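Engineer: Dumping the structure here so I can ask a few things about it.
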Amino acid sequence: MKVLVINAGSSSLKYQLYNMMDESVLASGRVERIGMDSSIVTHESANKPEVRDVREILDHVTAVKRVIDILVHPDFGVITSMSEIDAVGHRVVHGGEAFKHSVIVTQEVKAEIKRLFDLAPLHNPAHMMGINAVETNMPNVPQVVVFDTAFHQTMPETSYLYPIPKVLYRRHKIRRYGFHGTSHAYVSGEAARFLGKPIESLKMVSCHIGNGASCAAIVGGKTLDTSMGMTPLEGLMMGTRSGDIDPAIVPFVINKEELTLSEVNSMLNKHSGMQAISGLSSDMREIDEAMNAGDANAKLAFDMFVYRLRKYIGAYAAAMNGIDVLLFTAGIGENSASVRRAVCEGITFLGLELDDALNTERKKTVREISKPDSRVKVLVVPTNEELLIARDTYKLTNV
Ligand code: ADP
């Protein structure tokens, strides 16, 4: 059985074709700059030449058609006909309260995703274009949607409600949803498997730190709390997002700087975080390099990033009344030994000791980086959201 995984953005579409018999990736690629006359298509697979072409792709329907054309192409393709694709799985950012699990796409599911446009105006409309584009090109192929929010739907009211008038929750569903759920679900499952322990017995803090960053307190395989909120702006300091700030700063800045609401929104999402503090870059590699070369602002950005993450880990250990596993994933979590070291150095009181040699090893597999007698296990777990989407799609359609 072959599953095509699609992550549709407003001007881009990423894809992977999986063979579910061995969970191998047969091909992957992306279409960028959809809507322009110079869209870029890149595609790669194990044994065939790579594709990179520039052509006019004005909408998602044409983008999906182009992907299929490449997948079945005699020179670059990996399948002989479209009928080899048994199902398509989509990443959808916001599932609101309606979706606690992945589901097969139906008219009702599409209508519900549409109702959620308000909560994720930058993402859900683009995902819908992807779903409709597949429907147009492959009308008989079942589709599944996998939500970034679904894994966190186990949060209790005490975690997901904000202490603001309750009518706002009733009327507008203003509450914490959390994001990166597919990643937190995948890595927490992999961590339990790696440790050979039932996930039901473990208290974990999962740190997904990339450009976007969030951590989750996971008890027995279920989210108790997570740092992103109604939108992905809350929580940790990120590449260009502020994370937690005093909400009163917003009206204050609007007043003092004569900015509009949307300008402040853009400031907090696109011009804050490590970018703003370092004055240099949102990219941890560049910040690390500059810090090592003596740049004081880069060091401040690094230190703030680490400090804020440590505070969350401590808070979640308290919220769970203990911690068995601390895990790191995503671009920074998987690759930055210096961030992991700095975070762990400051929270040894939890009963956690990093092994420096293991921490600096470069491996792409799940690995333990704490000392053998560390009570809290510290793991690096490479995330793979696409694989989890492919697995859910396979499970739901292969009945
Ligand atoms: P996204 O949220 O866009 O998916 P990623 O998970 O790819 O982001 O993470 C991107 C971040 O990972 C960037 O800040 C980048 O600098 C960081 N990163 C990637 N490789 C390294 C590395 N070797 N050392 C430090 N940081 C790294």
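Heads up, the Cβ atoms here are built off N, Cα and C, so glycines get one too.
Remember, TrEMBL labels are computer predictions, not curated facts.
So TrEMBL lists the following for this protein:
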ACT_SITE  D148  active site, proton donor/acceptor
BINDING   N7, E385  Mg(2+) binding site
BINDING   K14, H208, I209, G210, N211, G212, D283, M284, R285, G331, I332, G333, E334, N335  ATP binding site
BINDING   R91  substrate binding site
SITE      H180  site 'Transition state stabilizer'
SITE      R241  site 'Transition state stabilizer'
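Context for these features, please: burial, neighbours, distances.
Structural biologist: Every protein chain shown contributes to the tally, and the Cβ of D148 (active site, proton donor/acceptor) ends up with 26 other Cβ atoms within 10 Å.
Classification of E385 (Mg(2+) binding site) by DSSP places it within a helix. Proximity of E385 (Mg(2+) binding site) to non-local residues of its own chain (separation of 6 or more, Cβ distance below 8 Å) is seen for R91, T182, S183, Y186, given in sequence order.
Every protein chain shown contributes to the tally, and the Cβ of K14 (ATP binding site) ends up with 19 other Cβ atoms within 10 Å. Secondary structure at K14 (ATP binding site), as computed by DSSP, is strand.
A sphere of 10 angstroms centred on the C-beta of R91 (substrate binding site) encloses 22 other C-beta atoms.
Under the DSSP three-state reduction, H180 (site 'Transition state stabilizer') is assigned to coil, being neither helix nor strand. Taking all protein chains in view, 31 other C-beta atoms sit within 10 angstroms of the C-beta of H180 (site 'Transition state stabilizer').
Residue density at R241 (site 'Transition state stabilizer'): 26 other Cβ atoms are found within 10 A of its Cβ, drawing on all protein chains shown.
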Engineer: Quiz question: given the binding-site residues D283, E334, which has the greatest number of C-beta atoms lying within 10 angstroms of its own C-beta?
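Structural biologist: Counting every other Cβ within 10 Å of each candidate, the maximum falls on E334.
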Engineer: Select, from K14, I209, E334, each of the binding-site residues with a Cβ positioned under 6 A from at least one atom of ligand 1; if none does, say none.
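Structural biologist: None, by Cβ distance under 6 Å.
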Engineer: Given the recorded positions N7, D148, H180, R241, which lie within 10 A of K14 (ATP binding site) by CA-CA distance?
Structural biologist: N7
Engineer: Mind giving me a neighbour count for I332 (ATP binding site)? Other Cβ atoms within 10 Å of its Cβ, every protein chain shown.
Structural biologist: 27
Engineer: Using Cβ-Cβ distances, find the residues under 8 Å from N211 (ATP binding site) that belong to the same chain and are at least 6 apart in sequence, listing them in sequence order.
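Structural biologist: When sequence neighbours closer than 6 are ignored, N211 (ATP binding site) has M238, G239, T240, S282, G331 within Cβ distance under 8 Å.
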Engineer: Find the shortest Cα-Cα separation between E334 (ATP binding site) and the recorded positions N7, D148, H180, R241, and name the residue that gives it.
Structural biologist: H180
Engineer: Round to a whole number and give the Cα-to-Cα distance in Å for the pair H180 (site 'Transition state stabilizer') and I332 (ATP binding site).
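Structural biologist: Here the two Cα atoms are 15 Å apart.
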